[in-house]
Amino acid sequence: MSANNCRAVKVIDVTPLGHSSPGEEIVELKLEYPGWESGWRVGQFVMIRPVSWPLDLVWGRPFSISNADDTTLTILFQVIGRGTKRLAQLTKGEQVNVWGPLGTFFSKPKDRPVLMLAGGMGIAPFCGYVDSHDQPENLKLFFAHRPPLENYPYKALSEKVEVEDIRENKPEDIHSIIARVEALVKEYADKKGLVTACGPTPFLRTVRNAAIKYGVEAELSLENRMACGVGACLGCVTKDSNGHHTQVCTTGPVFKATDISLEG
């Protein structure tokens, strides 16, 4: 990656979503658009590191691009560690370094139904997917989550596309989520549609296995931990369908379901 991919931009706004208890804080971060000459594609990600971070926070943090236009880059994140806690404390006008756009992206077929399966913060890239799709009437979002819906941009999405959600309030709710995901994947296989998904690995494993079982085309965006984001550190490897290691930051984060394992 060339130095031109790293841009210093200013914070426009930092907005906590909903009313969160500790561990459920979700934040919308708006930054100046980095001026990417070649634009960006839905499913790609950025690495973000505030200029003011102390030396003990060496690495940037990876985030899906939630949305972007000519003036604003929008990121959604959950506060789960030192890095995201510091990001949530940013103020208007502070500078952050942004590397990107990075990685692979989702397909956006025309005249074909698309199922969007989101688990938790996996909802982030689908904000941009919905806004950039020419045929939103062909889209459906299924959302599995733990924090309440008002902590996510779910309402805004519900005004644009068909939506459905299940909240995981207790451990046994996972069985309802798995059953519903499998039923939806089968439905879209019968429609010869495209299945797209983003979320934690167990959620994506369920989607992958159902997609292969029913023979439907599926694209999965992985949420592996990353340090460099550009293929140098080997910190984000996963196994492909042949059992070989591949890097999520460079060959992903979006993979065809048939190309990755997600087992073990």
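Cβ coordinates come from backbone N, Cα and C, glycine included.
Features of the protein shown, as given by TrEMBL:
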type: BINDING; residues: Arg61, Pro62, Phe63, Ser64, Leu76, Phe77, Gln78, Gly83, Thr84; note: FAD binding site
type: BINDING; residues: Cys228, Cys233, Cys236, Cys249; note: [2Fe-2S] cluster binding site
type: DOMAIN; residues: 4-108; note: domain 'FAD-binding FR-type'
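Overlay of TrEMBL annotations on the structure.
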| residue | record | contacts (Cβ under 8 Å, 6+ apart) |
| --- | --- | --- |
| Arg61 | FAD binding site | Met47, Ile48, Arg49, Phe77, Gly83, Thr84, Leu87 |
| Phe63 | FAD binding site | Phe45, Val46, Met47, Ile48, Ile75, Leu76, Phe77, Ala124 |
| Gln78 | FAD binding site | Glu24, Glu25, Ile26, Val27, Thr84, Gly120, Met121 |
| Cys228 | [2Fe-2S] cluster binding site | Met47, Trp59, Gly235, Cys249 |
| Cys233 | [2Fe-2S] cluster binding site | Ala227 |
| Cys236 | [2Fe-2S] cluster binding site | Asn224, Arg225, Met226, Ala227, Gln247, Val248, Cys249 |
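If you compare every pair of Cα atoms in Arg61, Pro62, Phe63, Ser64, Leu76, Phe77, Gln78, Gly83, Thr84, the residues listed for FAD, the longest distance is 16 angstrom.
Same-chain residues with CB within 8 A of the center of the Cys228, Cys233, Cys236, Cys249 CB atoms, the [2Fe-2S] cluster site residues themselves not counted, are Met226, Ala227, Gly229, Val230, Gly231, Ala232, Leu234, Gly235, Gln247, Val248, Thr250. Summary of the FAD site environment: with the site residues Arg61, Pro62, Phe63, Ser64, Leu76, Phe77, Gln78, Gly83, Thr84 set aside, the chain residues having Cβ atoms within 8 Å of the Cβ mean position are Ile48, Ile75, Leu87, Met121. Here the binding-site residues are Leu76, Cys249; the one with the fewest Cβ atoms within 10 Å of its Cβ is Leu76.
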